[in-house]
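Taking it in order: structure first as structure tokens, then the write-up.
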Amino acid sequence: MQNIVDSIYQEMRSRTDRGKVANYIPQLACVDPNQFALTVVTQEGEVFSAGCAQTLFSIQSISKVFTLTMALGKLGDALWAQVGREPSGDPFNSIVQLEHEGGIPRNPFINAGAIAVADAIMGHNEPKETLAEILHFVRFVANDDSISIDEKVAQSEMMTGSRNASLAHFMASFERLENPVDKVLGTYFHHCSISMTTEQLARAGMFLVSNGTNHCTGMRVVPEHRARRINSLMLMCGHYDGSGEFAYRVGLPGKSGVGGGILAIAPGKASIAVWSPGLDKIGNSKLGTEALEMLVQETGWSIFGH
């Protein structure tokens, strides 16, 4: 496996079209686009890495996998009264669909859906308490207490997050939010600003590899049926309106973030994290997707067969 990971890294290093870093969040715009990291953690707990696997990056929307997991733990199926389970087909920050569907977001991975999930997790707690809870959970699944929120990225997002504020106010106008908009947004922007390495992120995804149990720690995180359903949502909705393309090319449940990261799950096989800051036109990591495409070709890990 290390040879496969190393060969993918060397191939990605040689590619010149690396996409473009997200420029609408100032703190992300200054990230070096030439960085690349890939980590594979197998079901048995073996770790294979190449590139900048110890470099922290902003996980952004990948955090929505963890907040969704938490919300389902708190609310169970009642969550689905607040957010749908269908692919959107629209950009991740689109307001059009939200208007047509009465303020109920299409799925928990688009921005409006993740804002609704953040509201659900809050209950009636303050953002500070909720964020401590989210951070505790991410540290738990990664088995790493050093994971933290990058406050500079969070502030950068809050200063440039007008579209997300519009989404939240729009949902509030339909009485879809329980908490004040500013508090929900503060929670949302901060959990998107969690920083992790690919090694930490791949470890954090391990519970989705083994039917809800992290074999590295022996801890059950979610029931078996819930792990399966989270994976199904990642497959259908994890790459916004590029989810079909990702399923076609890679064939794994995955969740991307505009920081250039992707968490991909090969059920029964491995948790994979890749980071390359340059994005394609939809907003997913360009080389990250290409690297995962190479990985499944080499391993036969696509859920659709060899």
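Keep in mind that glycine also has a Cβ here, set from the backbone N, Cα and C atoms.
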According to Swiss-Prot, ASN111, GLU157, ASN164, TYR188, TYR240, VAL258 bind substrate, and the residue from SER14, SER49, SER61 that belongs to that same site is SER61
Three-class DSSP assignment, ASN111 (substrate binding site), comes back as helix
Counting other CB atoms within 10 Å of each candidate's CB, the least crowded of the binding-site residues SER61, ASN111, ASN164 is ASN164
Densest Cβ environment (other Cβ within 10 Å) across the binding-site residues TYR188, TYR240 belongs to TYR188
